[in-house]
Every structure is written in structure tokens, then in C-alpha cells.
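A.B. asks: Can you keep this structure in mind? I'll have questions shortly.
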Amino acid sequence: MKKWRTLCFFWAIMALHAVAILIFTRGFLLTRTELPFHSNCSDVSKESPCFSNSPQGSDVNSTEGRCWTKPAIGRLVIIVLDAIRFDFVAPSSFFKEKKPWMDRLPVLQKLAFGEGSSARIFKAIADPPTTSLQRLKGLTTGGLPTFIDVGNSFGAPAIVEDNLIHQLVENGKRVVMMGDDTWVQLFPHHFRKSYPFPSFNVKDLHTVDNGCIDNLLPTLYEEDWDVLIAHFLGVDHAGHIFGVDSAPMIEKLEQYNGVLEKVIDALESQSRPGGLHENTYLLVMGDHGQTLNGDHGGGSPEEVETSTFAMSFRRPPSPIVPELDIPCEFDLERRSCISNFQQLDFAATVSALMGIPFPFGSIGHVNPEMYALAVNTGNSEDNSMGLDQYELASKEWLLNYANVLCVNTWQVKRYIDIYSASSMIGFSSEDISRIADMYTKAEKTYRQIKDNASHRSKSNDLSPSSLKHQIDAYVKFLNSVAELARSKWTEFNLPMMLVGIGMMLMSLFTHVFVIYRLSKACGVPFNPCGNSKISLGLVFASIIVMIRMWSLFSNSYILEEGKVANFLLATSGLVMLRYSIMRRKMLLEAGLFLILVAIIRFTIEIGLSKQAATSAFLHFNPSWMLGIDTSHHVWTHIFELLPMLALLLLVHLLYKAITGSSFGAISKITLLGTIFSYILIAMQWASENKMLGLASYGVGRNTLPRIIYAIGFGQILLLILSKLSCQEKAVVDCRRSIISDSLAMLSAWSSTVIIISGQQGPLVALATLIGGYCIVRFHDLEGNASGTPLVLAVNPLSLTQWCLFAVCLFFCTGHWCAFDGLRYGAAFIGFDEFVLVRQAILLTIDTFGFSHIIPIFGLPFLLLTAGDEKKGFPFARLSLVYMIYGFITAATVTATLLCVMVHRRHLMVWGLFAPKFVFDVVGLMLTDVLICVASLYFLGRTRDNTPAHDHAIGN
């Protein structure tokens with residue numbers, strides 16, 4: 001049959017899109033070139049200018065008993081508290097308003113701000129994307145992980161480039177790890193002992209933390225390790241599930257405070273001279289922050305700002321670092337001060353403290369305050385130093401730090417030179433020249449200082465001002481390299497990006513060609529002028545699509561994409577209201593549609609408020625804006641009962657569909673299965689709300705969702721098998737058959753989509769039903785109102801509304817185009833353990849269920865108008881509907897690709913444009929797959945008797 005040629009076009013377009021996206025992605029999301037080189041102890045003595053003409057009287061340049069730098073500490077304890085916000089650790093006096101989650105870690109505050117303290121609290125700044133994989137990779141390599149690594153966040157590959165853990169092991173340090181099993185995936189053969197625990201079940205707040213606690217304290221009394229890493233996850237999971245302002249979050253913070261008290265007591269009890277922890281260094285740090293809603297992954301201040309607590313158990317630090325004029329942030333009373341610490345500097349700082357080579361690709365610099373906590377000079381305590389002793393200690397410390405920065409600067413310069421020579425693009429010649437000039441000046445000044453010290457024969461004859469000038473020169477160079485790397489790290493391949501965009505444009509032309517052919521097959525030749533009269537519907541639909549495409553070129557409009565789509569949908573609704581008035585019919589539907597659009601606009605606002613960094617919404621609760629006191633029990637019960645009432649209404653509508661229509665047996669069985677699933681969903685939510693006490697009888701948390709998934713899968717399988725076994729049907733039978741098949745497929749998907757979406761699911765499903773009904777009713781309004789025949793066999797304005805409605809559903813369900821907009825908890829509804837494929841499928845259904853799956857399988861309802869048989873229903877018209885829908889989606893994604901290419905050097909490219917690109921291309925591929933599947937499902941066993949179709953498609 002000729003229809004198979006049309007079906008092949010759908011598959012060909014999907015293949016074209018896949019190739020175009022792959023090529024464009026290779027040009028845009030290229031990973032940073034990972035060099036295969038590793039640092040070695042011998043590199044410095046062979047290549048570095050830092051170990052010649054060393055000042056006499058100082059041992060800072062002596063290679064005896066050291067590698068690149070002299071070891072400052074003997075043991076290191078790193079406690080990672082995942083997703084610790086800065087205001088979790090810093091005292092509330094640093095903030096204008098005290099929040100319930102503040103001051104829950106008093107043990108750290110007491111140690112950091114006590115008199116004569118050997119501890120400091122830092123505001124740690126992470127580089128986005130702020131997913132755990134990127135941060136662990138960045139912390140250990142000292143580089144800037146590229147955006148494409150986000151895709152590996154659920155299956156971390158082993159790090160092959162040089163890193164801190166590799167250097168520790170290669171230089172004889174024994175490393176013990178416990179907690180988040182991501183460490184074992186990144187470093188599978190590096191730990192002497194490891195106690196990994198599964199980390200991806202965000203509903204589990206305690207397994208990883210309890211595993212850490214059980215192994216951490218006993219390990220502190222053992223001698224068979226040099227570096228101990230304990231990675232806690234409870235705060236991260238509590239944020240994802242409950243948010244920051246919640247009782248579980250506060251309980252977790254208080255639990256951590258108790259654990260840290262025990263850890264510090266254990267370390268202090270063994271820190272006396274000759275003790276096991278005489279020279280131990282403690283780091284308590286976060287890998288990233290989180291928003292008030294518990295999300296992370298982007299680049300907002302709440303997500304990138306975390307905290308680091310550093311403490312030395314050797315002796316109080318020397319009072320020298322303030323001479324470097326390190327900027328810091330004072331509290332409101334100006335009594336305490338906290339300085340910033342770039343997480344990019346972590347690998348270099350720890351390497352210097354441990355006396356091991358810096359990772360080859362590290363571009364950070366040794367933090368002076370952290371280094372000063374461990375590297376002390378002089379034999380007296382600070383309060384007993386005389387002026388001469390203080391100046392001598394100051395000079396000695398500054399000279400020591402200058403030499404460490406010399407090695408640090410040489411290593412970064414070496415890496416930049418080799419990277420630029422080895423990489424396909426590297427940095428520009430202007431940038432390399434500017435960096436080389438700064439390095440040459442710093443090296444020249446350093447040689448002069450060493451020559452002067454050599455001639456004077458004593459290091460204490462050096463001027464502190466000259467040493468600080470030298471340190472400033474090194475810091476300026478290192479900061480410039482880091483700034484350059486942040487702005488130009490990714491290698492964009494513009495030719496490949498252009499090829500990808502060219503192939504997307506080719507797919508659009510293919511769409512237009514097939515639309516033209518299908519329109520002829522329907523007996524309505526494609527003529528934009530429509531019998532010398534301009535089709536207002538086509539023109540208006542084109543304008544709406546163009547406005548949406550152009551809006552993607554502005555970062556502000558991308559941030560407000562949901563509002564833009566809602567505005568365009570409301571504008572199209574006003575046009576439909578105009579047609580309704582002209583025809584004097586369907587006024588109720590037009591008014592209902594506009595009211596629904598207004599409600600969706602309200603819910604999109606709530607979703608955007610969850611995204612905002614300074615969100616006043618701590619929960620998804622529309623009563624906040626209505627001024628309703630949700631603490632009242634009546635309102636609590638109302639909000640709990642609304643989803644169940646919505647489910648009952650859906651059950652009623654499905655029952656009416658069964659009893660009032662002549663559906664086949666398979667469709668009726670499917671609808672009955674959906675009704676049963678809805679009842680199970682209501683039971684699940686009732687048990688969770690403890691309204692019926694079902695939880696106590698074991699009707700449970702995981703059992704009911706799994707039953708619902710099984711029913712849904714069985715329904716879909718039954719529908720597919722029934723289509724494969726049925727005979728081809730003529731046009732007269734197919735109209736009723738396709739509509740019943742569409743309703744059955746929608747009902748089969750709906751139960752899974754609803755339970756994964758949470759208690760908003762039934763309400764969104766009702767909104768989808770109402771909006772879809774109104775758009776279907778509007779389908780022929782233009783032609784009937786104006787007397788102008790449709791330019792196409794279907795109304796392009798109705799299809800445009802359908803697309804915009806799907807976009808609005810994506811945003812009103814609380815999603816947005818960023819990785820912190822993913823609701824990871826939905827992937828674990830019905831399951832506690834993490835299985836990559838299973839959880840990925842559930843997360844995909846949650847993210848794209850209402851915006852892609854339901855709308856695409858519901859498209860056949862647009863053909864529920866009079867005179868369908870005369871227009872080639874069902875095959876040609878339904879194919880035309882799917883082709884136009886795919887064209888609108890592909891055109892929008894093409895605009896996204898152009899936007900990303902144009903803004904590839906934009907400040908927000910990784911924080912905004914790249915996530916938008918990822919979500920759009922995933923949505924396009926899912927749309928293509930669903931259209932292909934739907935075309936086979938609805939049309940595979942259909943016989944189309946339209947002669948025009950055979951002639952048009954065959955030519």
C-alpha cells in the first residue's frame with residue numbers, strides 16, 4: 001500500500017533529527033580534552049625554575065624529604081556533607097533574617113570563631129553544573145568539568161585523567177572511603193578500604209549516613225590510613241523530598257552536629273605530641289548547595305554557594321595571613337569574618353598540604369588561609385611572640401608560601417602550554433601571549449628575590465613587601481588562568497554545529513514537502529491564499545510559531561518560557577473567542593478555555609517561584625498566594641481530598657465512556673483496568689495521608705504503585721497485540737476505531753503518569769481533558785465562521801494551540817528546562833533501590849508524561865469534526881496532523897539550536913542555554929519516537945480507500 005511510504009517519512013525524519021542532533025552535539029557539547037599525562041615528583045627538579053638558587057638559610061627549596069612541597073600535615077580527614085548550604089554552617093548573624101535551619105551546626109561555629117582558634121569557616125564557591133558527579137570530578141582533578149558530564153550523573157565513569165586520589169595512592173598514601181558509592185565508581189581501584197552505600201534513592205535519608213557513622217568513628221582510632229573520606233547524603237535527600245524548611249532537614253543537621261562533635265572529640269583526644277592525630281587536618285565540606293526547594297544542578301547563588309570548615313590539630317595558626325589583605329565578608333555586627341574559597345583550589349591546596357604533586361590538569365591555586373592553618377612557623381604561641389619574632393615568622397611564612405605558589409604557577413603554566421599544543425583548538429594566541437607575559441614577569445621577580453636572598457645569605461633579610469608583591473603576581477596569574485578557563489574552556493566546533501543546523505533545516509523542508517503531498521491526498525491542495533482569501537488561521541498560527549522561535553534567542557524569555565507560551569495560548573484563545581462570537585456558537589467553550597489558560601498561568605507562576613533563587617514558596621501550595629491559612633485542619637483536609645475527588649471525576653467520565661459508546665471489547669477492558677488503577681491510586685494516597693489507616697495493614701508504599709505500573713504495561717501490551725491481530729478495516733469502520741483506540745491508549749498511559757506526577761496529577765489530567773476538549777471543538781471554527789475553506793485539511797491554528805498547551809503542561813507540573821527542575825523523587829515511587837534503566841524510564845514519564853505522551857496520543861481527537869469522510873479520513877488527515885505537529889516541534893528546536901550557537905560564548909551558556917538545548921532535543925526525539933509509534937498503532941492496520949491519497953503519495 002502507498003500508505004507505507006508516508007509512514008516511512010516519519011521514520012526518515014526521526015533518523016534525520018537524530019543525526020542532526022548528534023552532529024550538533026559533537027560540535028557544542030565537546031568535552032574538554034583530557035590529557036593523558038600525570039604529574040611526578042621528579043618533574044619539579046627537572047623542569048621547574050623554583051628549585052634553583054634557593055635562598056640560604058631557608059629549607060623551603062630543599063628537596064630533602066619532600067616531593068613538590070614539604071608535607072605540612074600527616075593525616076587528612078575529609079567529611080563531605082552533600083548539598084550543605086552556606087547558611088547551614090555560617091552563623092545567623094551573617095544574614096539579615098534568621099531561618100529555622102540556621103545555627104544547627106554550633107560545634108563548627110564555636111571552633112571557628114573562638115579566640116586563638118585553629119579552625120576556619122569558608123564560603124565555598126562551586127562551578128556549575130552543581131551535580132554531585134561534576135563537583136567530585138572538579139574537586140579531585142582541580143579542573144572545570146564540562147557540561148556534557150551531566151549525562152553521566154547516574155552512571156559515573158571512572159576518572160582517567162590525573163587527579164588528587166591518584167596522586168595520593170601513587171605517593172604511598174593510604175586512602176579509606178565510606179558513604180556515597182559514587183566515589184567507588186569514579187575511583188574503582190584506589191581505596192585501601194571502602195564502605196560504599198547506594199546513593200540514588202532520594203527517599204532514603206539514613207542508609208548512607210548510618211553506614212558512614214558506623215564506620216567513621218572506629219576508623220579514627222586505626223593507624224592503617226593517611227586520608228579518610230566520609231560522604232554523607234542525608235541533607236541532599238531531605239532537600240529533594242521535603243525542602244530546606246522542613247523537620248527532616250533540621251533533624252539531619254542536628255544529627256550531623258552530634259556526629260561532628262564525636263569526630264572532633266576523637267581527633268582532639270589523640271592530638272597530643274606523639275599521638276595518632278598530632279598532625280591531622282580536618283575538612284568538613286559541601287560539594288554544592290541547594291535551593292529552598294531542595295534542587296541543585298544549576299548556577300544560582302544558592303546552588304553554587306556551600307561551605308568548608310577547616311581545622312588543624314597541630315597548633316594554633318601563625319598570625320601572618322592577614323598581611324596578604326585577603327577579602328572577607330563580615331557579619332552584621334562586624335565581629336566575625338568569613339572569606340571565600342573557590343572549590344577549584346581544593347586539589348592544589350590538599351596536594352600542597354600532603355606534599356604530593358599537583359594533578360596535571362589542576363588550574364587552582366593553594367589557598368593561603370587553609371595552608372596557614374597547617375604550616376606554622378616559629379616556636380612560640382601567637383600571644384607570646386615579640387615584634388622581632390613576629391617579623392621573622394612573617395617573612396619565613398611568606399617566603400614559604402611564595403615558593404609553594406611558584407611551584408603552583410609553574411604547574412598551571414605547564415598544563416596550559418601542553419593543552420594548547422595538544423588540543424584541537426585550545427586557547428587563542430592572544431590569550432596565551434597575555435598569560436605568558438604575566439608568568440614571565442612573575443618569574444623574573446622571583447629570580448630577583450632569590451638572587452637578593454642569596455647575596456644577603458639570610459632569608460630574614462628579605463622584605464615582606466617584596467614577598468607580598470611576588471605572591472600577588474602569582475595570584476594574579478593563577479586567577480587570570482582560572483577566569484580564562486571558565487570563559488573559554490569548551491571547544492566549540494562551529495562547522496559541525498552548522499552542519500547539524502543545516503540538517504534540521506533539511507528536515508523542515510521534508511516536513512513541508514510531505515504536508516503538501518498529504519494535503520493533496522485529502523483533496524485540499526495546499527494553497528496559502530485559500531481561493532484568493534488569506535487564511536487568517538494559517539497566518540496567525542505562523543506568527544505565533546515565529547514569535548515563540550524568536551523568543552528563544554533571549555535568555556530572559558527562556559527563563560520565562562512558560563509564561564510566553566501561556567501568553568501565546570491565551571492570545572489564540574481570544575482569536576477563538578472572536579470566531580465564536582462571529583458564529584454565535586461555542587461561547588461557553590471559548591470562555592472556559594480562557595479561564596483554564598488563566599489557571600494554568602497561575603500554576604506556572606508557582607512552578608517558576610520554585611525555580612527562583614530567592615523563592616518565597618517553600619512548598620507547592622497555591623493557598624500561599626490566596627492568603628489561606630493552611631495550618632487550619634479544614635484546609636489541610638481539603639487539599640488532601642481534592643486530588644481524590646478529581647480521580648473520582650475521572651472514574652465517572654471513563655464509566656460514561658464505557659456505557660455510552662459502542663467500543664470494542666479490548667477498549668472496554670482497557671478502560672475498566674484504568675478505573676481500577678485510579679481506585680488503587682486513591683488508596684495509595686489515602687494510606688500515605690493516614691486517612692484510612694491502610695498502611696498499618698501492609699497495603700503499601702511500594703506494592704500499590706507496582707500493581708498500577710503492571711496494569712498500565714499490561715494494558716499497552718494488550719492494545720498493541722490486538723492491533724497486530726486485527727484485520728485491516730475500511731474507512732467507514734476506522735473513524736470509530738481510531739477514536740476508541742486513542743481513548744484506550746490515553747487511559748492506559750494515564751494511571752502511570754498520574755501516580756508518578758503526585759497528587760497534582762489528577763488535577764492536571766482534568767485540565768488536559770478540558771483544554772483538549774475545547775481545542776477539538778475549536779477545530780473548524782475558522783472555516784465555519786468566515787466562510788473561508790481551510791487551506792489545509794486540518795486547522796493549523798488548532799494544532800498550534802495543541803503544541804502550546806503541551807508546553808504549558810510541562811511548566812505547570814513544576815518542571816523547567818534545568819537539571820534542578822527534574823523531580824528525582826518521582827523515579828522512586830514504588831521502589832527503594834536504584835536501577836538505572838527503570839528509574840530513567842520513570843523519571844522520563846514524570847518529566848514528559850503530560851507534555852509529550854498524553855498530547856501526542858490524543859491528537860486523533862482533533863479529527864472529531866463533521867465531514868471527515870469527504871476529507872480523506874482517517875489515514876491522510878491523521879498523518880497530516882502528526883506531520884504538522886512534528887513540524888512545529890522541529891521548528892522550535894531548530895530555533896533552539898540557532899540560539900545555542902549564537903550564544904555559545906554567553907555568560908549563561910552552561911547555566912541556561914545548554915540545559916534548554918538538552919531538554920529540547922530530548923523532547924524532540926521523544927516526540928519523533930511517539931509519532932512513529934502512534935502512526936503505526938493507529939494506521940498500521942488501516943486500509944485507506946482515498947484515491948487521491950494513493951496518487952499524491954505515490955508521486
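Backbone N, Cα and C atoms are what each Cβ position is placed from, and that goes for glycine too.
What TrEMBL shows for this protein is this:
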type     : residues : note
TRANSMEM : 494-516  : transmembrane segment
TRANSMEM : 536-558  : transmembrane segment
TRANSMEM : 564-581  : transmembrane segment
TRANSMEM : 586-604  : transmembrane segment
TRANSMEM : 634-654  : transmembrane segment
TRANSMEM : 666-687  : transmembrane segment
TRANSMEM : 707-726  : transmembrane segment
TRANSMEM : 799-819  : transmembrane segment
TRANSMEM : 840-862  : transmembrane segment
TRANSMEM : 882-902  : transmembrane segment
TRANSMEM : 917-939  : transmembrane segment
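How about a rundown of where these features are and what they're close to?
C.D. replies: For the transmembrane segment (494-516), the list of distant contacts is 6, 9, 12-13, 16-17, 19-28, 526, 792, 880, 883-884, 886-887, 890-891, 893-894, 897-898, 901, 904: same-chain residues at least six beyond its ends, Cβ to Cβ under 8 Å.
A Cβ distance under 8 Å defines the sequence-distant neighbours of the transmembrane segment (564-581), meaning residues of its chain 6+ beyond its ends; these are 540, 544, 547-548, 551, 557, 587, 589-591, 593-594, 597-598, 600-601, 604, 778, 781-782, 785-786, 797, 800-801, 804-805, 807-808, 811.
With a threshold of 8 Å between CB atoms, the same-chain residues lying at least 6 positions outside the transmembrane segment (586-604) that come near it are 562-563, 566, 569-570, 573-574, 576-577, 580, 622, 625, 767, 770-771, 773-775, 777-778, 781, 808-809, 811-812.
Under 8 Å from some Cβ of the transmembrane segment (634-654) lie the Cβ atoms of residues 621, 623, 628, 671, 674-675, 678-679, 681-682, 685-686, 689, 691, 747, 750, 754, 759-763, 765-766, 769, all in the same chain and six or more residues away from its ends.
If you look at the transmembrane segment (666-687), the same-chain residues 6 or more away from its ends with a CB under 8 A from one of its CBs are 640, 643-644, 647-648, 650-651, 654-655, 657-658, 693-695, 699-701, 704-705, 707-708, 711-712, 714-715, 718-719, 722, 740-741, 743-744, 747-748, 750-751, 754-755, 759.
Outside the transmembrane segment (840-862), and at least 6 residues removed from its termini, the chain residues within Cβ reach (under 8 Å) are 154, 738-739, 741-742, 745-746, 749-750, 752-753, 756-757, 764-765, 768, 772, 775-776, 779, 794-795, 798-799, 802, 805-807, 809-810, 813, 815, 822-824, 826-829, 831, 874, 878, 881-882, 885, 923, 926-927, 930-931, 934, 938.
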A.B. asks: Given pairs 6 or more apart, does the transmembrane segment (536-558) have at least three Cβ pairs under 8 Å with the transmembrane segment (799-819)?
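C.D. replies: Contact criterion met.
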A.B. asks: Sequence-remote contacts (6 or more beyond its ends) of the transmembrane segment (917-939), Cβ cut-off under 8 Å?
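C.D. replies: 3, 7, 10-11, 13-14, 17-18, 21, 25, 28, 150, 719-720, 723, 738, 741-742, 745, 817, 844, 848, 851-853, 856-857, 859-860, 874-875, 878-879, 882, 885-886, 889-890, 892-893, 896-897, 900.
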A.B. asks: Let me spell it out: take the transmembrane segment (799-819), skip the flanking residues so only those 6+ beyond its ends count, and list any with a Cβ under 8 Å from a Cβ in it.
C.D. replies: 129, 131, 150, 153, 297-298, 541, 544-545, 548, 558, 561-562, 565-566, 568-569, 572-573, 576, 597, 600, 603-604, 606-608, 610-611, 620, 757, 760, 764, 767-768, 771-772, 775, 778, 847-848, 850-852, 854-855, 859, 862, 881, 884-885, 888-889, 912, 915-916, 918-920
